[in-house]
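K.L.:
So that we are looking at the same thing, I have put the structure below in structure tokens.
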Amino acid sequence: DSEGGLYVCMNTFLGFGREHIERHYRKTGQCVYLHLKRHVREKVPGASGGALPKRRNAKLFLDLEISSDLNSDDFEYEDEAKLVIFPDHYEISLPNIEELPALVTIACDALLSAKSPYRKQEPDSWEEELQASKHAKTLVQLDNGVRIPPSGWKCSRCDLRENLWLNLSDGSVLCGKWFFDGSGGNGHAMEHYRETGYPLAVKLGTITPDGADVYSFDEEEPVLDPHIAKHLAHFGIDMLQMQVTENGLRDNDIKPRVSEWEVIQEAGVKLKPMYGPGYTGMKNLGNSCYLNAVMQAIFSIPEFQRAYVGNLPRIFDYSPLDPTQDFNTQMAKLGHGLLSGQYSKPPMKSELIEQVMKEEHKPQHNGISPRMFKAFISKGHPEFSSNRQQDAQEFFLHLINLVERNPVGSENPSDVFRFLVEERTQCCQSRKVRYTERVDYIMQLPVAMEAATNKDELIAYELKRREAEAARRPLPELVRAKIPFSACLQAFSEPSNVEDFWSSALQAKSAGVKTSRFASFPEYLVVQIKKFTFGLDWIPKKLDVSIDMPDFLDISHLRARGLQPGEEELPDIAPPIVIPDDPKALDIDESSVMQLAEMGFPLEACRKAVYYTGNLGAEVAFNWIIAHMEEPDFAEPLVIPAFGEVASSGAAALGAVGLDNQPPEEMVAIIISMGFQRNLAIQALKATNNNLERALEWIFSHPDPDEESDPALDTMDMENNANANILAETGSEGPRIKDGPGRYELFGFISHMGTSTMSGHYVCHLRKEGRWVIYNDLRVCASERPPKDLGYIYFYHRIPS
């Protein structure tokens, strides 16, 4: 079968290409597979059919990812399904009710009707349309003075901090129901409804300018609340008003004449399309522009091109049985699609003439659709796996984390971003200092609003804007704050106060200040402008500013100098860990949590760090994060131990994992039922911290183990192999860095349009072959006016000395 197709094991329901199916059969002994194949034929006007184009090798999966939709009207499809019996490769065409047992027929029908990863991401195909609640219009809200803060929520009955619901009648914050997997809450929101009869509640954390998740206890289903803005405003939550006040929109659709959207996308300018290798667009899968922009920037860097596209044959040859679940395979495939030029071809001259003569425009089927890549890279992540808009900076760090965990060859491409930060902390009372180093990948620059050079214009504009809104007149031309880049750089280098600083010299809390410098300069410097803030009025604000970002950047003066003559170091004494007799009585310092979260660490990890360091401040909690960030449950929610369990919880927090801990027998049984040996199932579960899905991936990505080996020793070897890259970077020589001069040249930037990271649109500009190019999802054009002053994330490369 030269046309490939997909083989699905009828026992494990894992899918394989033709080149992997024999290997799976030999390894597991499973002999029954469902063979799926799709024949594609382009429609010919006036004809009943057309020639079937020959498909590429199925292993590349590239044919599934071109931007021409598989449901397009330009193509006809014929699906073929067969049941294949190994080792004789005996085929039975489907459907075949007469010859097959009922159980096999049912299994085949279920597989054939299941949605693919591509269709799962189409929200319109599966999301149920919600109905307006019958209580929304007449909901009674108590005038009890309750105001809900923007963070730090917890259930008023059990102190849980997740799955929290705000009752829209009396403002009570209570936990939701318990789920079978142990997540959720204690059901106090439902108990409160039974006691009071207050029917509607909104889930905290889901409130956006577009709405929120509302549940009706009386109607026993999720509902719409057409008056949600009014109901939330009753408790001081004004987020939904942002659509009116931030965008400047009114009923008559008055818009600013110089909007951010128009400037960044270079609207009103005729842009010349670009074609060929490196000029391939990416389809927006529904709020996936953040992914598109980041990946375009990543694959413009030679180190990533060499690591994935240059090693593409080797990566494909050594890919696991299920390459859809292999990070390096998906990266290589995406890089090939962007850089090969096969999906960025200019239209034929004859086609252009035909379009002009018929006065119609037929869109070109150029670009790639990264559905499989997005499905894999976002798997298990609560935000990136959704169809909501996300922060490009958070996705960049998520991607770097995956690159670090999945090394390809001897050279890790993420090394080009890594640098060391020297932090100098000084006790203001004793004047003693401490120098520490940490690894970072992004330079975060604060916006120095107080340094705006056009303050008078801003004040005048704000007065005119308010007058125009009150009189419903057209808004005046937008005036942005003009911030000198030098002021932002100065703000970055200035000392900052350390909240709840614990001085080892005084053995007590004291005032402290901290300054940050570069202990090394990366080969590629990523600069993030910290434009997003979150006000106490619940309105997430974006600072609409213009910063004169330089084409050439010299930060050599920010080079760290280490301990200076005359400075005395703080004693190396760890602060005491204070855990009360009742651990639940410890109130977590949310300000320290937010300081750590702004550095890019997962929120739950920050909460655990602050908790386990006894609220001694962000600096102490930061050290805890560095020591525990490689643990499997690093980003898992904090589980506060019950009374009498503090000691064991503390040991778990320090990563103490015994080799004698056997995986749950039910998980072992599930893997054995798929045809694998018991010792292999135990090894896989131990190597993946008893994660069933990851254990299956581990089995298919490792060679056959030695059945005579000691399982405990094998587990140690597997854990050592899994952490080989980490150990290599955190050994005696420290993290791998590529230090050099601190002089850089700008080669790309990502811009954000909109008022919040939860909404809006991302666009990427890259400098290629001497000119700027705009990457706006599928649209790739030569840039005429690159808006370098409005960027969000900037990419610089080092200038050779």
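Placed from the backbone N, Cα and C atoms, the Cβ positions cover glycine too.
Annotations for this protein, taken from TrEMBL, read as follows:
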| type | residues | note |
| --- | --- | --- |
| DOMAIN | 131-239 | domain 'UBP-type' |
| BINDING | Cys155, Cys158, Cys175, His188 | Zn(2+) binding site |
| DOMAIN | 280-799 | domain 'USP' |
| ACT_SITE | Cys289 | active site, nucleophile |
| DOMAIN | 587-628 | domain 'UBA' |
| DOMAIN | 662-702 | domain 'UBA' |
| ACT_SITE | His761 | active site, proton acceptor |
K.L.:
How many neighbouring Cβ atoms, not counting its own, are there within 10 Å of the Cβ of Cys175 (Zn(2+) binding site)?
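P.N.:
Taking all protein chains shown, Cys175 (Zn(2+) binding site) has 25 Cβ neighbours within 10 Å.
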K.L.:
C-alpha of Cys175 (Zn(2+) binding site) to C-alpha of His761 (active site, proton acceptor): distance in Å?
P.N.:
33
K.L.:
Can you check which residue among the recorded positions Cys155, Cys158, Cys289 has the largest number of Cβ atoms within 10 Å of its own?
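P.N.:
Of Cys155, Cys158, Cys289, the one with the most crowded Cβ is Cys289.
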K.L.:
Nearest to the residue listed as 'active site, nucleophile' by Cα distance: which of the recorded positions Cys155, His188, His761 is it?
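P.N.:
Comparing Cα positions, the closest of these recorded positions turns out to be His761.
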K.L.:
Show, in sequence order, which residues other than Cys155, Cys158, Cys175, His188 on the same chain lie with their Cβ within 8 Å of the centre of the Cβ atoms of the Zn(2+) site.
P.N.:
Ser156, Arg157, Asp159, Leu160, Leu164, Leu174, Gly185, Asn186, Gly187, Ala189
K.L.:
Of Cys155, Cys158, His188, which is closest to the residue listed as 'active site, proton acceptor' if I measure between C-alpha atoms? They're all binding-site residues.
P.N.:
Cys155
K.L.:
Over the domain 'UBP-type' (131-239), what does the predicted model average in pLDDT?
P.N.:
84
K.L.:
Around the C-beta of His188 (Zn(2+) binding site), how many further C-beta atoms are within 10 angstroms, looking at every protein chain?
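P.N.:
For His188 (Zn(2+) binding site), the 10 Å Cβ neighbour count is 21.
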K.L.:
Can you tell me how many other Cβ atoms are located within 10 Å of the Cβ belonging to His761 (active site, proton acceptor)?
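P.N.:
Counting Cβ neighbours of His761 (active site, proton acceptor) within 10 Å gives 20.
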K.L.:
Using DSSP, what's the helix, strand and coil tally for the domain 'UBA' (587-628)?
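P.N.:
Across the domain 'UBA' (587-628), DSSP assigns the residues as follows: 29 helix, 0 strand, 13 coil.
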